[in-house]
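Chemist: Pasting the relevant annotations from TrEMBL:
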| type | residues | note |
| --- | --- | --- |
| DOMAIN | C:62-254 | domain 'ABC transmembrane type-1' |
| TRANSMEM | C:7-32 | transmembrane segment |
| TRANSMEM | C:61-87 | transmembrane segment |
| TRANSMEM | C:99-125 | transmembrane segment |
| TRANSMEM | C:131-155 | transmembrane segment |
| TRANSMEM | C:176-198 | transmembrane segment |
| TRANSMEM | C:233-254 | transmembrane segment |
Amino acid sequence: MAKKPIGPVRRVFAPWKDPNAVPFIEFRNVTKRFGDFTAVNNLSLKVYEREFFALLGGSGCGKTTLMRMLGGFETPTEGQILLEGQDLAGVPPFRRPTNMMFQSYALFPHMTVEGNIAFGLKQDKMAKADIEERVQEMLRLTKLQPFAKRKPHQLSGGQRQRVALARSLAKKPKVLLLDEPLGALDKKLREETQFELTALQESLKMTFMIVTHDQEEAMTVADRIAVMEAGEIIQVATPAEIYETPNSRFVADFIGDVNLIEAKVMETSEAGTKLQAVGEDFQIETSQKVGVNVGASVWYAIRPEKIRIVLGEEPLHKVNATSAVVWDIAYLGDVSIFHSKVGEDHTLRSTVANVTRLVERPISWDEQVVLSWDGDAGVILTS
Amino acid sequence: MSTETSAKPKRTIGGWLLIAVPYAWLLVFFLAPFFIVFKISLSEVAIAIPPYLPTFDISAGWQDFKDGLSQLSFENYVWLTEDALYWKSYLSSVTIAGTSTALTLLFGYPIAYGMARCPKAWRPTLLMLVILPFWTSFLIRVYAWIGILKNEGLLNQVLLWLGVIDQPLVILNTNIAVYIGIVYSYLPFLVLPLYANLEKLDESLLEAAEDLGCPAWKAFWKITLPLSLPGVIAGCFLVFIPAVGEFVIPDLLGGSNTLMIGKTLWVEFFANRDWPVSSAVAVILLLLLVIPIVLFQNQQQKMGEKDA
Amino acid sequence: MRNGPTWFNVTSIALGFSFLYLPIVILVIFSFNESKLVTVWGGFSTKWYASLLHNQQLLDAAWVTLRIAVLSATLATVLGTMAALVLVRSGRFHGRSLFSGMIFAPLVMPDVILGLSLLLLFVAVDQSRGFWTVMLAHTTFAMCYVAVVVQSRLVGFDKSIEEAAEDLGCPPAKTFFQITLPIIFPGVIAGWMLAFTLSLDDLVVASFTTGPGATTLPMKIYSQVRLGVTPEINAVCTILVCLVTLGVIAASIATKRQQIQREKDERAAFGAD
C-alpha cells in the first residue's frame with residue numbers, strides 16, 4: 001500500500017475501495033468450532049494498514065473469538081489468518097506482532113504502572129535506557145505520569161483502562177487489538193475515551209481492531225465496521241454506509257432505531273422502484289434499483305428521524321405518505337418519539353427534535369396526523 | 001462473549017511435563033500401593049522378612065511369578081467372614097461413625113447458622129476460630145480429652161462439686177468418649193462447608209417468605225434448611241468417611257470393647273504381625289468407603305458445575 | 001443484618017467455641033501444674049518445661065519431625081501446585097478423572113489405609129524404612145491438600161492476565177514464574193503451612209512407614225500417652241499449640257492488614273475519574 005500522508009484529511013482514507021491495495025490482515029475462510037458450537041463460520045475479511053476496524057455484534061456472535069484467533073489465543077479449526085501476507089498458523093501469542101488490550105484490562109496486580117508498561121519491552125530484551133524512554137513516552141501519551149509508581153489496585157477504573165492501553169501500545173505492535181476496551185467505564189468517561197482513542201490511532205498511524213457490542217462506540221471510533229451475527233459477517237462498511245444503507249433487516253435493526261415496512265414490488269424501471277405496503281393503503285417510490293421481480297416481497301427500512309409528522313386528516317397522494325393516529329409519545333429531552341398507528345396493526349415511529357422549549361405539545365395523543373418521507377431516505381432490503 | 005478455551009488445547013512439552021510429574025507421583029505412591037495391598041491380602045502369613053508368602057522377586061523370572069501366583073488365595077477373606085471380630089468391627093465402625101456424624105451435625109448446624117447470621121465484621125474472626133483447632137495437632141486435641149473425661153478427671157470433679165452426681169461417671173474408655181472425641185475433632189470439617197453454604201443464602205428469600213405470610217421458624221424449615229442441604233451433605237461426608245477408619249480416637253478414648261476397624265487393622269498389623277490379614281481388612285475397608293467417596297465426589301462435582 | 005444476632009445464635013456460637021477451646025485451654029493450664037497429677041492443681045510451676053530440655057529422646061524426635069515436615073511440605077507444595085495447575089488449566093486429557101480422583105481421595109482416606117499401603121510399597125521395592133520413607137509418605141498425602149488449597153486460589157484467577165503476558169511476548173513457562181506464581185503465592189504459602197502442620201501432626205502414617213532411628217514427635221507423644229497423662233506431655237503439647245497458633249494468627253493478621261490497606265487504596269482511587 002502506498003503510504004499517503006493520512007492526517008486531518010481523513011475522508012480520503014479508503015484503501016478498501018482501491019482494488020490494488022494489499023490487505024494488512026486477511027482472514028481466509030476461517031472457521032472455529034468449540035465442540036458442537038460453531039463460533040466463527042467460514043469467514044473471510046480484509047483489513048488494511050492504518051485502519052481502525054470494528055467488529056460489532058451481540059454476545060456470542062463470534063467477534064471475540066475472531067479477535068482471539070488473530071492474537072493467537074485460539075487456533076482456527078479451518079482456514080488461514082495472514083498478517084502482511086504471512087500465515088500466522090503455529091505462531092504462539094508471544095511471538096505475534098499483535099498486542100491486545102483485554103476487556104478485564106488484565107493488569108499485573110503485583111507490578112506498578114511502570115512495571116506493567118515495561119513488561120512487554122523487557123521480553124524483547126530492549127536496552128534499559130530505551131525501555132525507560134519508551135515507558136515515559138507512554139505515560140505521557142496516556143497522561144499517567146503522576147501514577148507511575150502506583151499499583152493497579154490504587155487506580156480508578158479510568159486510570160486502569162489507560163494503563164492497559166499504554167501497556168499494549170508500548171511495543172508499537174503492528175496491530176492493536178481492543179477487546180471491549182471501554183465496557184467497564186461509565187457512559188461519560190466512555191464517550192471521552194472514544195475520542196481519545198481515535199486521536200491516538202491517527203497520531204500513532206497504527207492499525208487498530210476493536211471488538212464491541214456498543215454500536216455508538218463502533219460508529220464513533222471506526223473507519224469501517226463489520227457487523228457480525230452467528231459467526232458470520234453480515235455487512236462490512238463505513239459507519240455512514242452501515243447506517244444509511246444497511247444491506248439487510250438484521251443490520252438495519254441492529255444499528256440504531258428503524259421502521260421496517262413489509263412491501264410488495266409493484267413496478268421496476270430505470271427511474272427506480274415502486275412498492276405497495278402490505279396490508280396498508282400507501283405506496284413507496286424510490287430511485288433505488290433492486291434486482292427482484294415484480295410481486296416479490298421486500299422490506300423498506302426507514303429511520304424514525306427521516307419521517308416527518310404533521311397534523312392533518314389525509315395526505316394528497318398516499319405515496320411516501322400515509323395518515324395515522326398518534327398512539328404514544330416518549331419525551332426524551334432532546335427529541336420526542338411519536339408512535340403512530342397506521343391502520344390496525346402497524347405502528348411507525350418518528351422522532352422530532354425539540355427545537356423549542358416544550359410548553360405545549362403541538363401534536364398530542366390520539367390526534368390524526370400525516371406521516372411523510374422522501375423516498376430515498378429509506379432503503380429497500382431484499383434479505 | 002465466550003472466551004472458553006477449546007476442549008483439547010495444544011500442549012507443549014512443558015504442558016505435558018506439568019501433568020506427568022504429579023500424575024506419576026500419585027500413580028507410584030498412591031495407586032500402586034493399593035494393588036500391592038490387594039496382592040498381599042491374597043498371600044499367607046509366614047515367619048519371615050517380610051512376614052508373608054509368596055514374595056515376588058522380579059529377577060527370578062516368569063516361572064517363579066506363575067508359581068507365586070498359584071499360591072495366592074482368598075483364604076484371608078474367608079477368614080474375615082468366619083471370625084466375628086471383623087464383621088463386628090466393620091459394623092460397629094459404621095454405627096459409631098454414623099452416630100457421631102449425626103451428633104456433629106446436631107451440634108455443628110447451630111454454630112454454622114449462628115456464624116452466618118452474625119454481623120459481617122465478626123465473621124472472619126469466627127471463621128478463623130473454627131479453623132484454628134484444625135491446625136493444632138489432632139493427637140493433642142484427643143489427648144486433651146483424656147484428662148477431662150477420666151474417672152478422677154475434671155468433668156467428674158466439676159459435676160461432683162456441683163452435686164449433680166455423687167458417683168464419678170465412667171466415660172473414658174467407653175463409646176461415649178469416642179463419640180465426644182469424633183464430634184470434637186471433626187466439628188470444623190462440618191461447620192466450614194455448612195457455613196460457606198449458609199453464608200451465601202440470600203436473606204431476601206427469608207424476607208420474601210415472611211412477606212408472603214410464613215412465620216420465621218417455618219421459613220427456616222421451608223427455605224433455609226432445604227437450601228443448605230448441599231452444605232449439610234458435604235459436611236457429613238467429610239466427617240463420616242474419615243471417622244469410619246479412625247484409629248487414634250478409639251485407641252486413646254475408647255475401651256477394650258470399642259470395636260473400630262482402624263484399630264483392628266492396627267492391632268492385626270503391629271501386635272499380631274499378620275500383614276496379609278491386615279491387608280485384607282484394608283481392602284474391605286476401602287471397598288466399604290468407595291461408595292461414600294464416589295457419592296461425595298459426584299456431589300462436589302455437581303456443586304462445582306452449578307457454581308460455574 | 002436484619003435482626004442482629006439473636007440470643008439463640010449467640011448462645012450456640014458461645015457453646016460451640018467453648019467446646020472447641022476449653023480442652024486445649026485446660027491442657028495448657030495444667031502444663032504449668034506443680035503437681036505430677038495432671039488433674040489436681042498443685043500450684044504454678046514451669047518445671048515440666050525445664051525437664052523437657054533434658055529429655056534427649058523427645059528433643060531428637062522433635063528434630064526428626066521438624067526436618068521431615070520442612071522437606072515434605074516443600075516437596076508437597078511443588079507437586080501440589082503442579083497438580084492444582086493441571087486441575088484448573090490443563091483442560092481435558094486422558095485419565096483426567098483418575099487424576100482428580102487421586103487428588104481428592106487421600107483427603108478422606110483413613111490414615112491406616114494410607115500408612116499400610118505405603119509401607120507395603122516400600123517393602124515390595126525393598127526400601128529400608130526410616131526418615132526418607134516417612135518424608136515420601138507425608139509428601140504424598142500433603143500434596144493433595146496443597147493442590148486443593150492452591151486450586152481454590154487459581155479458580156478465582158483472571159486467566160486473561162496470563163494471556164496478556166504471553167501477548168506481550170512472554171513464553172508460557174516464564175509467564176508462570178513471573179506472573180502466575182507471584183499472584184497465587186498467598187495460596188502456595190497457605191498450602192505449605194498446611195502441609196507442614198499435617199506432617200508435624202501425623203501419627204498413623206509415620207508409624208507405618210518409619211523405621212529404626214526415625215521416631216517422630218507424635219509417635220513419642222503417643223507412646224507416652226498410652227502410659228498415662230503426664231504434665232511433661234502437656235508441656236510439649238502446649239509448645240506445639242502455641243507455635244502453630246502464633247503462626248496462624250500472624251499469617252492471618254498479615255493478610256488482614258494487606259486487605260485493609262488494599263481497601264483503603266481502592267477507596268482512595270475511587271472517584272479519581
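Using N, Cα and C of the backbone, Cβ positions are placed for all residues, glycine too.
Automated prediction, rather than curation, is the source of TrEMBL annotations.
Any idea what these are sitting next to in the structure?
Modeler: Residues 83, 86-87, 133, 136-137, 140-141, 144-145, 147-148, 202-209 of the same chain lie 6+ residues outside the transmembrane segment (C:99-125) yet bring a C-beta within less than 8 angstroms of a C-beta in it.
Among residues of the same chain six or more beyond the transmembrane segment (C:131-155), those with a C-beta under 8 A of the stretch's C-beta atoms are 64, 67-69, 71-73, 75-77, 79-81, 83-85, 87-89, 102-107, 109, 114-115, 118, 122, 184, 186-188, 190-192, 194-195, 198-199, 202, 205-206, 208-211, 213-214, 216.
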Chemist: Go through C:7-32, C:61-87, C:176-198 and flag the stretch with the largest number of C-beta pairs under 8 Å relative to the transmembrane segment (C:233-254).
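Modeler: Most contacts with the transmembrane segment (C:233-254): C:7-32.
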Chemist: Report, as numbers and ranges, which residues of the same chain sit near the transmembrane segment (C:61-87): CB under 8 Å and 6 or more residues beyond its ends.
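Modeler: Those are 99-100, 103, 131, 134-136, 138-140, 142-151, 153-154, 176, 184, 188, 191-193, 195-197, 199-200, 206, 214-220, in sequence order.
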Chemist: What parts of the chain pack near the transmembrane segment (C:7-32), using Cβ distances under 8 Å and only residues at least 6 beyond its ends?
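Modeler: Tertiary neighbours of the transmembrane segment (C:7-32) are 38-39, 41, 44-46, 48-49, 231, 234-235, 237-238, 241-242.
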